[in-house]
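To start, the structure under review is shown below, and the notes come after it.
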């Protein structure tokens, strides 16, 4: 073994050992496979879900400071080293959606520039998910947000019950779209007395697939609400049909297109018998509750004696708590993907189901490189 001499001292380290142990880099690479969990929100209500997740994982919440400067700019300071680690950023979306998005983007970019190995966003409710289709002279804002997250440094996303499953195609990195239905179904079985006398209701034909999934798992019947409330003639604005329909062509006289008839929904009807039964309306998001209140009134008229609403994301914007309290709805059950403590104080009918367990398990499995299929057992593509 060749021996190197430095001045009057004798080194017992070989050339190969000196290369492997140079400045301790090899040892650092071996021991850096940890992970940290950060919360991107600075308010106490929004970090509640993050604290529940870290308690289930048995780790401490990462040390960081997120705040707004006097000019309303977002600033993020990470208070510990994240080099070479898997970082999970938990971001719940409060009412100030755009501020929450900027907090997430700035934190992800700060962690990226701090040499984090992987940056996984845990966003239970993905914002702007309703703007996932092209509208007239509009844009697909959901795809824009997906591109911004990738540019900021995210390498993976954990979310829950996307408004449209096709949103996963907007991302250039893996997306795990978890489901809250097992927890909501468990709530129905344990907290609704005589749920065997219930019927699952879809408030529109577009929600029929989700309602069918609940009905099949609970072995219950299915009803679908179709149509819209009809207004009296006095409510219609004068000149509603003016100017009269006519064919006008500005181009070649031979290029006449068939006249397209405007869509008109029929009066509200309920397909299915709800008389003398518990009606359970299921959906993914409950935000503006006017449609739910109207559906509850129709179900009451058809003979339903109790009405529940089950949804994953309880945004409950504007006057939603007051409208629910004054309506025929008996109970609204949502998960804690979105903070809604203020709304619960305003309306005692709102109940919360905790989904922190499945989010914590998803974090653990992703970090350990385990299969995620266990979290999607018995879940079909259309669920």
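These residue numbers are counts, starting from 1, taken along the chain as shown.
Note: Cβ is positioned from N, Cα and C throughout, glycine not excepted.
TrEMBL labels come from automatic prediction, so no person has curated them.
Residues or ranges marked as domain 'Ribose-phosphate pyrophosphokinase N-terminal' in TrEMBL: 46-153.
Annotated region 'Disordered' per TrEMBL: 230-253, in sequence order.
If you average pLDDT over the domain 'Ribose-phosphate pyrophosphokinase N-terminal' (46-153) in this model, you get 93. Helix, strand and coil counts under DSSP for the domain 'Ribose-phosphate pyrophosphokinase N-terminal' (46-153) come to 39 helix, 21 strand, 48 coil.
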